[in-house]
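Please read the structure below before turning to the comments.
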Amino acid sequence: YQYPLMFGLILAFCWCSLVCCSRIYMGMHSILDVIAGFLYAILILVVFHPVVDLIDNFNLTYKYAPLIIISLHLALGIFSFTLDTWSTSRGDTAQILGCGAGVACGSHVNYIMGLKLDPSPDTLPLSLSSVTVTVFGKAILRLLIGVIVLLLTKVAMKKATIPLACKIFRIPHEDVRKARQRMEVELPYRYITYGMVGFSLMFIVPCLFHFIGLS
């Protein structure tokens, strides 16, 4: 969408501030952690921004891209679990990696199946349209349906992955909280569950919207 530069800067600043402050408020990170993370994010942006289109094209068009994406993200998830002590941050890392893999695979499937869910490049940038009752109602309906589908996906995958991982690795599952502190349980649960959430977000939910006329 075409929008004023100042609006974009203000939105980005507010979003970044909310994320950084929430980490401090929740006691998950110190001020120094947040500053280091912010600077690290800038470094990542500088390095990867020039090759974003190249990476995106690889994810969409390369035949074995899903296999490479899943393997790479899973390897990074295993690496994050090499800490000596249990920490919620490693589970969050596996969750982010799983979601990222699911989103990339969903995009790949959309491309392979020829589903044009995005506007064509020649129509960009889009102009912001006026908000009407119909547009607002449609947006709320899409939000509600999308959230419900993603929540159902998360619940279903959680119900399936935790007992399955416990059974495969012979870990007692009576105390789920304790069982999830084991890498053999937490990593498959986070990775598979949020991988399916990401896949649903990019493929299943948009297809559902197209089927019921909410695209």
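All positions are counted from 1 along the displayed chain.
Glycine residues also receive a Cβ, built from the backbone N, Cα and C atoms like all the rest.
The structure displayed is predicted, hence computed values, not measured ones.
Here TrEMBL flags 9-52 as domain 'Phosphatidic acid phosphatase type 2/haloperoxidase'. As annotated by TrEMBL, transmembrane segment applies to 6-25, 32-52, 64-83, 95-113, 133-152, 191-212.
When each of the listed stretches 6-25, 32-52, 95-113, 133-152 is scored by C-beta pairs under 8 angstroms to the transmembrane segment (191-212), 95-113 comes out highest. When pLDDT values are averaged over the domain 'Phosphatidic acid phosphatase type 2/haloperoxidase' (9-52), the model yields 92. Look at the domain 'Phosphatidic acid phosphatase type 2/haloperoxidase' (9-52): DSSP puts its residues at 39 helix, 0 strand, 5 coil.
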